[in-house]
C-alpha cells in the first residue's frame, strides 16, 4: 500500500487534479478528496477508500516516513542516487530505500536477473537500475544462459519524457535537447 508521497513542488489541489484527470490513463473512476494534508481516494470500481499522506519537503531527512507508516521509500527524484544522499530517507523513519535509477555505489538489483542476491540484513538501500536495463537485462540473461553472449550493442528508442520539449525551445545543457521531441531524434543517456 502507498501510505505517503513527497513532492515539494506540487500543490495538493493540483496533485488531486492530476490524479483524477490523467491524459494517458483517462479519468479516475472514483473520488479524490483533500483531507488535512492527505489525499483520500475512493475507487468506484473496488468500492475501497485509501488515504495517502502528502509531504512537501525539499530535504529527504525532513520527511516523516515513519510516522506515516512507510517502511519502504522509492527514491525517484533522480537527485539522491548515491547511498550517502539516499540514506537521508532513513533519518525520517524509512526502513529501506529503493533508488529507481542507476547508482554509482548502491547494490543494483534487476528482477529476473540478480534479484535473488538481495540480502535484507545487509541491504537497506538498493538501486533498481534504469528502465532500459530492466527492459534488456532479463532477455539478455536468458540468451546468455542458454547460448552465450560474447559482445553486444543496444539502441533504445524511448517515448517522449516529461523533461523533453514538445516544441523547439532553449535548452541549458545541450542545444540538441531543445528540439521538439516528436519531430526529432534526440540522443540521450539512460
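Glycine too: its Cβ is placed from the backbone N, Cα and C atoms.
Whatever TrEMBL says is automated annotation, not expert-curated.
Since we're looking at a predicted model, the values are computed, not measured.
Sequence annotations record features per position, and here TrEMBL assigns domain 'Glyceraldehyde 3-phosphate dehydrogenase NAD(P) binding' to 2-131. If you average pLDDT over the domain 'Glyceraldehyde 3-phosphate dehydrogenase NAD(P) binding' (2-131) in this model, you get 96.
What TrEMBL lists as region 'Disordered' is 165-190. Secondary structure counts, DSSP: the region 'Disordered' (165-190) has 4 helix, 2 strand, 20 coil.
Feature annotation from TrEMBL assigns compositional bias 'Polar residues' to 181-190.
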For the domain 'Glyceraldehyde 3-phosphate dehydrogenase NAD(P) binding' (2-131), residues assigned helix / strand / coil by DSSP: 28 helix, 37 strand, 65 coil
